[in-house]
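Heads up: the structure comes next, in structure tokens.
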Amino acid sequence: MTRFTAAEFQFMPEPQTLTISRPDDWHVHLRDAGALVYTVPWSAAQFARAIVMPNLKPPVVSTAQALAYRERVLAAVPKGSTFEPLMTLYLTDTTPADEIVRAKASGVIHAVKLYPSGATTNSDSGVTDLRRVHAVLDTMQELGMPLLIHGEVTDPDVDVFDREAVFIERHLTRLRRDFPRLKIVLEHITTQHAADFVRAQPELDARSTPLLAATITAHHLLYSRNAMFSGGMRPHYYCLPVLKRERHRQALLGAATGGDGRFFLGTDSAPHARLLKEAACGCAGCLTAPHALELYALAFEQCGALHRLEAFASHFGADFYGLPRNTGTLTLERVPTTVPARLPYADGEIVPLDAGQILPWRIAAGLSSA
Ligand SMILES: NC(=O)N[C@@H](CC(=O)O)C(=O)O
Ligand SMILES: [Zn+2]
Ligand SMILES: [Zn+2]
């Protein structure tokens, strides 16, 4: 699966550099406890800020828990880094509307995450029926608190590859109609249906920012589902929503590189220790945070759109969330670099996406704090 051989690299043009404003990651799993000393430095080396997912064990369901989790994350931020974790709450059937008021007042909780119960890793406490959370969604709409959605149905009768499209059809359409002013991010989109649905929404809120946006991962831009089965089962390419066929990857590339502010970067970097992925029932999730920009740069370059990377990675997400764009820059240089086969991780080791492969770009100077 190597994309370029060392011999091929010899014939490539001289290294070039690409300097962009400091990027943000609008969807990451930092996990907790012993994992933070690994995950937080990975993200801090690439991103100025990150939306931190709340699917811990137990999940982050209250403002108090989110504030405590934020302190644990901050304790793992390397010296000299200004990395800022943007916290989220995990929505359950019983989340009180008051909790949203408290979250908003905290100033450090930026969104609420909807996991349909059973849809993905640590989603058991997720929402079983959207009707149960209508009062909470009303409050979120009033307070301008965005709802982030893992958009897949859990109905076992629905084919795994169709679960995103069916979620949009059965639930997102109605949610959009019932809460027309609620800010929604459809997370880690994987299909043409999702990209088309987002584009078809004309509404803008009072500040002319979109009411429906989507994050796109690097792995869904780089790979179709063939990658999971190339010469055998490849668990490190297994994530949820699962990779789709090539036509969908092309649609995602079109959305990410099209200059539309409703599509922005969210790695969904989701670390699981090596032996939890290389198992009879392997965990879903790809580790991309350590080389996220390198992966996105490759995807954008492959479709001749490197000039669109900055807006996707560094502008559109901040605009959607109503946060200032970052100052300072990050520079990528065209120096082929091999992705490590394994990285140290809590209680063992972990395999990053594209382990052992050569990526054409690497981060040159890291994040400047200017
Ligand atoms: N994306 C994944 O495959 N896994 C994520 C959960 C999620 O984002 O759905 C995880 O927490 O491991
Ligand atoms: Zn998810
Ligand atoms: Zn995720």
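Placed from the backbone N, Cα and C atoms, the Cβ positions cover glycine too.
Positions annotated as domain 'Amidohydrolase-related' by TrEMBL: 25-331.
Annotated Zn(2+) 1 binding site per TrEMBL: H27, H29, K113, D268, in sequence order. Same-chain residues at least 6 positions away in sequence with a Cβ under 8 Å from that of D268 (Zn(2+) 1 binding site) are, in sequence order, H27, V28, H29, E187, H188, T215, T217, H219, C239, G285, C286, T288.
Annotation source TrEMBL lists substrate binding site at H29, L30, R31, N55, H150, L240, H272, A284. Secondary structure from DSSP puts H29 (Zn(2+) 1 binding site) in coil.
The N6-carboxylysine annotation in TrEMBL covers K113. Neighbour list (K113 (Zn(2+) 1 binding site), Cβ cut-off 8 Å, at least 6 residues apart, same chain): M53, P54, N55, T88, L89, Y90, L91, L147, L148, I149, H150.
For K113, H150, H188, the entry in TrEMBL reads Zn(2+) 2 binding site. Reduced to three states, the DSSP call for H150 (substrate binding site) is coil.
What TrEMBL lists as active site is D268.
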*Report the residues of the chain - excluding K113, H150, H188 - with C-beta within 8 Å of the mean position of the site's C-beta atoms, for the recorded Zn(2+) 2 site, in sequence order.*
H27, M53, L114, Y115, T120, L148, I149, G151, E187, D268
*Would you mind pulling the DSSP three-state label for H188 (Zn(2+) 2 binding site)?*
coil
_Any of the binding-site residues H29, L30, N55, H150, H272 with a C-beta atom under 6 A from ligand 2? Give them in order, or none._
H150
_H27, H150 as binding-site residues, winner by CB count within 10 A_ = H27
*Does DSSP give K113 (Zn(2+) 1 binding site) helix, strand or coil?*
strand
*Return the members of H29, R31, N55, K113, L240, A284 (the binding-site residues) with CB less than 6 angstroms from at least one atom of ligand 1, or none.*
H29, N55, L240, A284
